[in-house]
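Residues or ranges marked as ATP binding site in Swiss-Prot (evidence: sequence analysis): Gly17, Pro18, Thr19, Ala20, Ser21, Gly22, Lys23, Thr24. Under the heading substrate binding site, Swiss-Prot lists Thr19, Ala20, Ser21, Gly22, Lys23, Thr24. For 42-45, 120-124, 166-170, 247-252, 280-287, the entry in Swiss-Prot reads region 'Interaction with substrate tRNA'. As annotated by Swiss-Prot, site 'Interaction with substrate tRNA' applies to Thr108, Arg130. Marked as region 'Interaction with isopentenylpyrophosphate transferase' by Swiss-Prot: 206-229.
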Amino acid sequence: MSDISKASLPKAIFLMGPTASGKTALAIELRKILPVELISVDSALIYKGMDIGTAKPNAEELLAAPHRLLDIRDPSQAYSAADFRRDALAEMADITAAGRIPLLVGGTMLYFKALLEGLSPLPSADPEVRARIEQQAAEQGWESLHRQLQEVDPVAAARIHPNDPQRLSRALEVFFISGKTLTELTQTSGDALPYQVHQFAIAPASRELLHQRIEQRFHQMLASGFEAEVRALFARGDLHTDLPSIRCVGYRQMWSYLEGEISYDEMVYRGVCATRQLAKRQITWLRGWEGVHWLDSEKPEQARDEVLQVVGAIAG
């Protein structure tokens, strides 16, 4: 697309970054100044009843800056990148029609990628094929199915852990239905995003600072009642660790503690480590992201001013 045709498209802002980088605080500040409406881009914030461990904006923050696509699923329900793209496009169209600018804020990079580039045309789920895969897993174990995936799609197998039955079964299901691997199909992008996008990423200048922020926030969550929040989910009886909601960072480790698999101290240690690993993956993804403007978490006023400098011209 030419620069001229891009300039005629409606505007949108991406505010990306690792966990605990200060994205929400910056987004709220920007909403005070720019004609923006916020859309959450976070695969954990979609779940109802999962507030403390996901660092969901609190009531005061949401009053100052309402976020769309929060609390739209029960933790027992699935939500895909395709679901997100559909919902986000609808929200963006609604915001644009009202003469305002969509500000998409979050750390789920797969969602940002799906929105920006479109999605490959993957086959729909097939209950019969899925049942056959699960039967084979019950008889032979998921390790056996992972070896099977390695034979047909080594790239996907390297990315998917043998203990991730949901993604493993989906990769095999796609192959059995279409005869093509998940890797082949995902190399074919769908429709690109019909917006002129200003992209920002916010993070601390050093890894050590980010690690400090992560550890501090995890302890803040514990002090705010994170254990009680997960106990309420645990007590429902219909949730388990195969669900994406319970595999969220922090929740998975607290679940193991509640099941008696690990001690409280081990839960804290693993929770902090898992959050650091998540942040590392997010930063790695962003380092390879084209056209992104980096902001420093430790200089929030400067970060705000840099965004305003880049997008200020679209505020009118």
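Placement of Cβ uses the backbone N, Cα and C atoms for every residue, glycine included.
For Lys23 (ATP binding site), other Cβ atoms within 10 Å of its Cβ number 25. Ranking the recorded positions Thr19, Ser21, Thr24, Thr108 by how many other Cβ atoms lie within 10 angstroms of each Cβ puts Thr108 at the bottom. Sequence-distant contacts of the region 'Interaction with isopentenylpyrophosphate transferase' (206-229) (same chain, at least 6 residues past either end, Cβ-Cβ under 8 Å): 18-21, 49-53, 55, 250, 254, 268, 271-272, 275-276, 279, 297-298. Looking only at the region 'Interaction with substrate tRNA' (120-124), the predicted model's pLDDT averages out at 77. Arg130 (site 'Interaction with substrate tRNA') is 38 Å away from Thr24 (ATP binding site) when you measure Cα to Cα. Sequence-distant contacts of Gly22 (ATP binding site), defined by Cβ-Cβ distance under 8 angstroms and a gap of at least six in the same chain, are Ile202, Ser297, Pro300, Ala303. A Cα-Cα distance of 13 Å separates Thr108 (site 'Interaction with substrate tRNA') from Ser21 (ATP binding site). Lys23 (ATP binding site) sits 38 Å from Arg130 (site 'Interaction with substrate tRNA'), counting Cα to Cα. Cβ neighbour count for Gly17 (ATP binding site) (all protein chains, 10 Å cutoff from its Cβ): 28. Other C-beta atoms found within 10 angstroms of the C-beta of Arg130 (site 'Interaction with substrate tRNA') number 16, with every protein chain shown included. Reported as a whole number, the C-alpha separation between Thr19 (ATP binding site) and Arg130 (site 'Interaction with substrate tRNA') equals 33 Å.
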